[in-house]
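According to Swiss-Prot, the features are:
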type: BINDING; residues: GLY14, SER15, GLY16, LYS17, GLY18, THR19, ARG127, SER136, TYR137, GLN199; note: ATP binding site
type: BINDING; residues: THR35, ARG40, SER61, TYR62, VAL63, GLY89, TYR90, PRO91, ARG92, GLN96, ARG160, ARG171; note: AMP binding site
type: BINDING; residues: CYS130, CYS133, CYS150, ASP153; note: Zn(2+) binding site
type: REGION; residues: 34-63; note: region 'NMP'
type: REGION; residues: 126-163; note: region 'LID'
Amino acid sequence: MKSNKKILFIGAPGSGKGTISKILVEKYKLVHISTGDLFRKKISEDSQFAAQIQNYLSSGSYVPDEITNKLVADFIKKIPKNQGYILDGYPRTLQQLEFMIKNGINLDCVFYLKIKNETIISRLSQRLFCQKCQKSYNLLLAKPKNELKCDLDSTDLITRNDDRPEIITHRIEKFNNSVIPIVEFFKKSGIIYYLDAEQTLEETVIEIEKWL
């Protein structure tokens, strides 16, 4: 099954954006555009870039808009026009939204994943990542088959620096402060749908599929 829909997920860290995106990408043959993944890939390829943005990522701050905009725009240019995709983690600021509009990055639907702060902290404290392929796991929601080993390549799983409680709290505050104008814009456009991210991932995916 293939979809050509252009989709955006808005949600705080830990709302399930990445995991839900991966489920839909596999089922509907969509391209997953995650700013976090783009940053990590660029860091692994470019030591100068790594030095430039590592401090932003490790402190839970946003990477400057001009850097993020260029990475996302360059990636989208490579995608065929009839190919559907999911934007995960972009736009996060009003400036990024304005860049999107100016550069004709259009969307068919926007899903806002609503979640309580305490749930976010609980989920993120249980996240693990593969050091080699960057696949993510969650000991509450999406456990690895082998504890602390990646299902794909058996590499040791690690936690990320930005999943420490004090960094998580900062990231939540940053998200809440920046998301309001973005949500308001898409509300006026009539393409935003609100989802309860407190429910299971399976239940959330079923809701999303009603609009695909």
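Note that Cβ sites are derived from N, Cα and C of the backbone, with glycine treated the same way.
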Nearest recorded site to ARG160 (AMP binding site) by CA-CA distance, among binding-site residues GLY14, ARG127, CYS130, TYR137, CYS150:
ARG127
Between the two most separated Cα atoms in THR35, ARG40, SER61, TYR62, VAL63, GLY89, TYR90, PRO91, ARG92, GLN96, ARG160, ARG171, the residues recorded as binding AMP, what distance in Å do you get?
25
Neighbours of the Zn(2+) site CYS130, CYS133, CYS150, ASP153: Cβ within 8 Å of the Cβ centroid, same chain, sequence order.
GLN131, LYS132, GLN134, LYS135, ASP151, LEU152, SER154, THR155
Which number gives the other C-beta atoms within 10 angstroms of the C-beta of CYS130 (Zn(2+) binding site), all protein chains shown included?
20
DSSP-assigned states of the region 'NMP' (34-63) in counts, ordered helix, strand, coil:
24 helix, 1 strand, 5 coil
With Cβ-Cβ distance below 8 Å and at least 6 positions apart along the chain, what are the contacts of VAL63 (AMP binding site)? List them in sequence order.
THR35, PHE39, ILE53, TYR56, LEU57
Can you break down the region 'LID' (126-163) into helix, strand and coil residue counts using DSSP?
3 helix, 13 strand, 22 coil
Stretch-averaged pLDDT - the region 'LID' (126-163):
86
For ARG92, ARG127, ARG160, listed as binding-site residues, tell me which one has the smallest number of other Cβ atoms within 10 Å.
ARG160
Hey, which of the binding-site residues CYS133, CYS150 is the loneliest by Cβ count within 10 Å?
CYS133
Taking Cα-Cα distance, which of the binding-site residues GLY14, SER61, ARG92, TYR137 are within 10 Å of CYS150 (Zn(2+) binding site)?
TYR137
Sort out for me which one of THR35, SER61 has the most neighbouring CB atoms within 10 A, since those are the binding-site residues we care about.
THR35
Does DSSP put GLY18 (ATP binding site) in a helix, in a strand, or in coil?
helix
How many other Cβ atoms sit within 10 Å of the Cβ of GLY14 (ATP binding site)?
26
